[in-house]
Amino acid sequence: MGKEKIHISIVVIGHVDSGKSTTTGHLIYKLGGIDKRVIESFEKEAAEMNKRSFKYAWVLDKLKAERERGITIDIALWKFETTKYSCTVIDAPGHRDFIKNMITGTSQADCAVLIIDSTTGGFEAGISKDGQTREHALLAFTLGVKHMICCCNKMDATTPKYSKSRYDEIVKEVSSYLKKVGYNPDKVPFVPISGFEGDNMIERSSNLDWYKGPTLLEALDQINEPKRPSEKPLRLPLQDVYKIGGIGTVPVGRVETGVIKPGMVVTFGPTGLTTEVKSVEMHHESLLEALPGDNVGFNVKNVAVKDLKRGYVASNSKDDPAKEAANFTAQVIIMNHPGQISNGYAPVLDCHTSHIAVKFAEIQTKIDRRSGKELEAAPKFLKNGDAGFVKMIPTKPMVVETFAQYPPLGRFAVRDMRQTVAVGVIKSVEKKEPTGAKVTKAAIKKK
């Protein structure tokens, strides 16, 4: 075992039939932690079902099914290694809640890999007004995903095959769109690939000898190393709370910022419940401290399971503890709402792990979403494609933070009619001081 590689998270985005599953499956298959025996059994099963063409996507389908069926979240299956990084694929797209997951995502992606269908008609469908290519790229940028890699996929099926002119045409059009969204297209590699045949995924392909840039694997290796927010105060949104016989109450979640360690006195927002952390575990091993990105369970003393809920946030009681938000102001982009959104609108907000109805109390301004310039003060409504600053009031106690200070707790999806109608980033929060919150004996001793 050499030195542990740096971990990065990747989100794979793009239109429905662009080949996301095949490309992701291929990487995991060739570079990943899937046991060869497992793959052979998949291959056999795929062949029996005449799904040979689907081999790589099939890998992902099997993994998805296993992930949905079992409670064991074997994240190792979603990993692959480059020379420099250990990469985790955060969410396998194609999921109905993909956009919601991307926002509340258990994690901030370090890089978005945008898969484009280069075939005749395929590219046009993806980039059209209704296609998801634009929406996903805009989302990635709004949510602070710094790096973007574009894969011009299905190069084996262009007319003629492996067509340079088709590649050039796509690069030109996608670059101009990415520029509108906010990315610098000169910093975005465009890699012509075939996720199915394997061209330029890992090794250079002689079919594409006109292309001199990096392969997909090399492009991933060239991502700048991300900075991790371990210096910030602790924020750990709870995903679940378990009662474990002989141990007690164990909240589970992902450290978003800061560190958590045994002996620390934590305060849970929004209620202000304060207690001592007895132990911290990851993958059944005790930790001396857990860092941002770690999915952990931690044991707390004298706290009933009913006192903690999904969406609560653990924080260090001595370092900017988490508090309930009385109201907050956010920059919101309306993505797919059939009508007009005006003051009083009360959809559900998905922010980190919480899922709470929030009232749009006051639409303060309408802005140009690219430049941020104000277009109109106190507009009557916002509609599709509009962006604006909105003051919001939660209908139940919830914890949110500014995007600038705690990014994962400062971005949200607005859900209505079973879809994501808008996304937002929080600019300012007015907090409530907790009243009458329970402080356990263990925590008092520590004071």
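The backbone N, Cα and C atoms fix where each Cβ goes, glycine too.
As annotated by Swiss-Prot, GTP binding site applies to 14-21, 91-95, 153-156. Per Swiss-Prot, domain 'tr-type G' is recorded for 5-230. Residues or ranges marked as N6,N6-dimethyllysine in Swiss-Prot (evidence: similarity to another entry): LYS55. The feature N6,N6,N6-trimethyllysine is assigned by Swiss-Prot to LYS79, LYS187, LYS306, LYS396, with similarity to another entry given as support. Look at Swiss-Prot and you will find LYS261 tagged as N6-methyllysine, backed by similarity to another entry. Residues or ranges marked as 5-glutamyl glycerylphosphorylethanolamine in Swiss-Prot (evidence: similarity to another entry): GLU289, GLU362. Marked as region 'G1' by Swiss-Prot: 14-21. What Swiss-Prot records for 70-74 is region 'G2', and it gives similarity to another entry as the kind of evidence. Sequence annotations record features per position, and here Swiss-Prot assigns region 'G3' to 91-94 based on similarity to another entry. The annotation region 'G4' is assigned in Swiss-Prot to 153-156 on the grounds of similarity to another entry.
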Greatest C-beta neighbour count within 10 angstroms, which of the recorded positions LYS20, LYS79, LYS261, LYS306, LYS396: LYS20
Residues from the same chain, set at least six apart from the ends of the region 'G4' (153-156), whose C-beta lies under 8 A from its own: 18-19, 23, 115-119, 122, 162-163, 167, 192-197, 199-200, 207-208
Candidate nearest LYS187 (N6,N6,N6-trimethyllysine) in space, where candidates are the recorded positions GLY14, LYS20, LYS396 and distance is Cα-Cα: GLY14
DSSP residue counts for the region 'G4' (153-156), split into helix, strand and coil: 2 helix, 1 strand, 1 coil
Mean predicted confidence [pLDDT] for the region 'G1' (14-21): 74
Between GLU289 (5-glutamyl glycerylphosphorylethanolamine) and LYS20 (GTP binding site), the C-alpha gap once rounded to whole angstrom: 36
Residue pair LYS79 (N6,N6,N6-trimethyllysine), LYS20 (GTP binding site) - Cα distance, angstrom, rounded: 15
Where GLU362 (5-glutamyl glycerylphosphorylethanolamine) falls in three-state DSSP terms: strand
Proximal residue to LYS396 (N6,N6,N6-trimethyllysine) among binding-site residues GLY14, ASP17, LYS20, MET155 (C-alpha distance): GLY14
The region 'G1' (14-21), counted residue by residue under DSSP: helix, strand, coil: 2 helix, 1 strand, 5 coil
Spatial separation of GLY14 (GTP binding site) from LYS306 (N6,N6,N6-trimethyllysine) - C-alpha basis, Å: 41
Residues that sit under 8 angstroms from MET155 (GTP binding site) by C-beta distance, when 6+ apart in the chain: SER118, LYS161, TYR162, SER163, TYR167, PRO192, ILE193, SER194, ASP199, ASN200, ASN207, LEU208
Length of the line joining the Cα atoms of LYS20 (GTP binding site) and the residue listed as 'N6-methyllysine', in Å: 38
